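As recorded in TrEMBL, the features of this protein are as follows:
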- B:HIS123: active site, proton acceptor (ACT_SITE)
- B:ASP116, B:GLU187, B:GLU189, B:ASP221: Ca(2+) binding site (BINDING)
- B:TYR118, B:ARG132, B:GLN228, B:TYR232, B:THR332: substrate binding site (BINDING)
- B:ASP221, B:LYS241, B:THR245: Mg(2+) binding site (BINDING)
- B:16-108: domain 'Fumarylacetoacetase N-terminal' (DOMAIN)
- B:116-378: domain 'Fumarylacetoacetase-like C-terminal' (DOMAIN)
Number of protein chains: 2
Amino acid sequence: MTWVTGADGSAYGVTNLPYGVFAHDGRDPRIGVRIGDFVLDLTGAEAAGLVLAAGAFDRPTLNDFMALGRPQWTAVRQRVTELLTDTAHRAAVEPLLVPLADVRLLLPFAVADYVDFYSSEHHASNVGQIFRPGQPPLLPNWKHLPIGYHGRAGTVVVSGTPVVRPAGQRPGPDGPTYGPSARLDIEAEVGFVVGVPSPLGARVSVDDFADHVFGVVLVNDWSARDIQAWEYQPLGPFLGKSFATSVSAWVTPLDALADAFLPAPEQDPEVAAYLRDVPHLGLDLRLAVEWNGERVSEPPFRTMYWTPAQQLAHLTVNGASLRTGDLYASGTVSGPERGQVGSFLELTWGGAEPVKLGAGETRTFLEDGDTVTVTATAPGPDGTTIALGEVTGTIQPAR
Amino acid sequence: MTWVTGADGSAYGVTNLPYGVFAHDGRDPRIGVRIGDFVLDLTGAEAAGLVLAAGAFDRPTLNDFMALGRPQWTAVRQRVTELLTDTAHRAAVEPLLVPLADVRLLLPFAVADYVDFYSSEHHASNVGQIFRPGQPPLLPNWKHLPIGYHGRAGTVVVSGTPVVRPAGQRPGPDGPTYGPSARLDIEAEVGFVVGVPSPLGARVSVDDFADHVFGVVLVNDWSARDIQAWEYQPLGPFLGKSFATSVSAWVTPLDALADAFLPAPEQDPEVAAYLRDVPHLGLDLRLAVEWNGERVSEPPFRTMYWTPAQQLAHLTVNGASLRTGDLYASGTVSGPERGQVGSFLELTWGGAEPVKLGAGETRTFLEDGDTVTVTATAPGPDGTTIALGEVTGTIQPAR
């Protein structure tokens, strides 16, 4: 129970408490935590001595706080909970609550490296069937390791940032043509944000996931399928992805997701020793994709084949170091049903089966002016339901 | 003519003047410029009022200086040249010269995003012949766009940093096995360092190369061929590359390379309009690869099919922004002859033709303890020959 008006019973109650960075009233960016429809100004709270975080809240990003490590993350969360539930603190804390409607939310962390995995069996199989009909839907390596690649960290943008339709080379019957992408798509994903770094040459064990990962964001990995199709052999996606990747403004701490962990799908064949996580846990995050306000899909994250702990162990098994602010995304989240897919490529089966949106409109891929919003909920502590911060974006015409 | 002892006539004379970051005498990192076998302490020079750079030399990386832009880069270079050539400045400047032997060279810039291209026709053809015998050596897209992908910025290390042999999954006759890479290779490349950023949603023209690119480094993109072979379908190289990428400690400014530009190989078929650079210029950089001290190859950068201006225009044609510190590498530099290749994969033709090193030793791929050093020279201003900073590394056993 919190004393903050309207927060109890909402998806942003005191069992949630995601972190973000906000601008307000013309001042420098500040760090905050969301409670109901307010932001608690943690920069102000630390300055007032209400919270101790080694000065990490006097920053324009969460990075310094994320670098502090799990004991500090937990201690701060406990203290913030105390401030928001014990009415003895109300007089001191209430002046630090800013209405959400009055703030502008910024990119919550400086992205170090961005890695994108490909860990949904349903998504990988769908893509295989669409692009390689008649062939086995999964490539031979897929069940042996979490396939992934590096994306462009510098074009990770916060939810709400407009997305300019990319131009580039697309395949054509008489060779490539140049122009705006005609197959602009989304990928609804979940991203994991690294707080605690690891040294070069060392590995991070599957058991150490919670020591390194601070929290979770929603991700929309915008994808130009035509550009990607022409460029991706043999070195993978490049300009088909690098124009923009949107993340939610709120980072949900792992502590808020303690009740969302559940057994992940069984893996067969058995995976290499460095990928064996015991227990083998996924997350019960229930995503929803809205296309111009209409809910078109509900991707279930619990169906992901590879777990975030396995992804982290794989990412570092070659001795690659981690930095504070590293972001690794799950890959498109798709369940077994058509209404559970995380991309429009799958929803329209390669563009062959348009979907109806309200008011008699149909779509295959994104048109200029379209807005896509990805949301998610999860079972929170104490029987509550918590929301992850949404990730939304609107397509602007090519320049 | 410089008054600095021994510098005239060396490859680090006053027409070269590359920038770096050094640690010395237990003090914080400082920015310097190399002259002969000395480092001119620019942090000290700016503090003493001898050079004006808006405070950008009072930093542990070159990034702030690189962000200033070409007019400032040129002005500082002119001023440094004046300080090192006019004996009137000798008394003030000489105390700021530190013997190179006394300093530790650090990573010269904070890497934002790292992109690796694949722009040598000879290299791409060799790889095609080794891995796809009997097929056309180049894929259909190769001559239409500079193929590239994002690498891991967080594992870019300075020359001299030991490279721990990576472990991972390798393909085997009965499925993948796990262990240290048995096909550890190099890729000798040239890297371009972005100084001036560009906004999201905009493109950088081929004509604006010199406004954005500050300078050049040598790159060794260490590659575990067995790990790469198993993982790279369909999203490209990941752990086969991400364990380490070495760069030279010295960044050679473009101004020092003004006389090294020369016409690049003709392109057929004609490229898309956004890739047409007039004049179409490559760089006459003469690389050399030493394996345990023995020169095994001399890759000529002038043979590269795609130019750095084309790579930059391609990188941003989809609206991707540039940040200060972005590094894009050319891809392995290989000329038409076997003695001109930039990887051991090519030098030993997939490991089938071992090379002899001194003292009766043979090699296919790298063994523990091996050292590889890549150097390069270029025609410098006023008929001089200048050296690029070397990039070297020694293989440590897998952990």
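Note: Cβ is positioned from N, Cα and C throughout, glycine not excepted.
Features recorded in TrEMBL, as mapped to the structure shown.
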{"residue": "B:ASP116", "record": "Ca(2+) binding site", "DSSP (3 states)": "strand"}
{"residue": "B:ARG132", "record": "substrate binding site", "DSSP (3 states)": "coil"}
{"residue": "B:GLU187", "record": "Ca(2+) binding site", "DSSP (3 states)": "coil"}
{"residue": "B:ASP221", "record": "Ca(2+) binding site", "DSSP (3 states)": "coil"}
{"residue": "B:GLN228", "record": "substrate binding site", "DSSP (3 states)": "helix"}
{"residue": "B:THR245", "record": "Mg(2+) binding site", "DSSP (3 states)": "strand"}
{"residue": "B:THR332", "record": "substrate binding site", "DSSP (3 states)": "coil"}
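Listed recorded positions B:HIS123, B:ARG132, B:GLU187, B:ASP221, B:GLN228, B:TYR232 compared with chain A at a CB cut-off under 8 A give B:TYR232 as the close ones.
Residue counts for the domain 'Fumarylacetoacetase N-terminal' (B:16-108) under DSSP, helix first, then strand, then coil, are 39 helix, 21 strand, 33 coil. Fewest Cβ neighbours within 10 Å among the recorded positions B:HIS123, B:ARG132, B:LYS241: that distinction goes to B:ARG132.
The Mg(2+) site, placed at the center of the C-beta atoms of B:ASP221, B:LYS241, B:THR245, has further neighbours from the same chain whose C-beta lies within 8 angstroms: B:ASP116, B:GLY151, B:ARG152, B:GLU187, B:VAL219, B:ASN220, B:TRP222, B:SER223, B:SER242, B:ALA244, B:ALA329. For B:ARG132 (substrate binding site), the nearest neighbour among the binding-site residues B:GLU187, B:GLU189, B:THR245, judged by Cα separation, is B:GLU187.
Between the CA atoms of B:THR245 (Mg(2+) binding site) and B:ASP221 (Ca(2+) binding site) there is a gap of 5 Å. Within 10 Å of the residue listed as 'active site, proton acceptor', as judged by C-alpha distances, the binding-site residues found are B:THR332; the full candidate list was B:ASP221, B:GLN228, B:LYS241, B:THR332. Nearest by CA distance to B:THR332 (substrate binding site), out of the binding-site residues B:ASP116, B:GLU189, B:ASP221, B:LYS241, is B:GLU189. The candidate set comprises the binding-site residues B:ASP116, B:GLU187, B:GLU189, B:ASP221. Of these, B:GLU189 has the most other Cβ atoms within 10 Å. Checked against B:ASP221 (Ca(2+) binding site), the binding-site residues B:TYR118, B:GLN228, B:TYR232, B:LYS241 differ in C-alpha distance, with B:LYS241 being the nearest. B:HIS123 (active site, proton acceptor) carries a helical DSSP state (H, G or I). On its own chain, B:TYR232 (substrate binding site) has B:PHE238, B:GLY240 as residues at least 6 apart in sequence with a Cβ closer than 8 Å to its own Cβ. If you draw a 10 Å sphere around the CB of B:THR332 (substrate binding site), it holds 29 other CB atoms from the protein chains shown. Cβ neighbour count for B:GLN228 (substrate binding site) (all protein chains, 10 Å cutoff from its Cβ): 20. Between the listed binding-site residues, namely B:TYR118, B:THR245, the fewest other CB atoms within 10 angstroms of a CB are found at B:TYR118. Spread of the substrate binding residues is 18 Å (greatest Cα-Cα distance among B:TYR118, B:ARG132, B:GLN228, B:TYR232, B:THR332).
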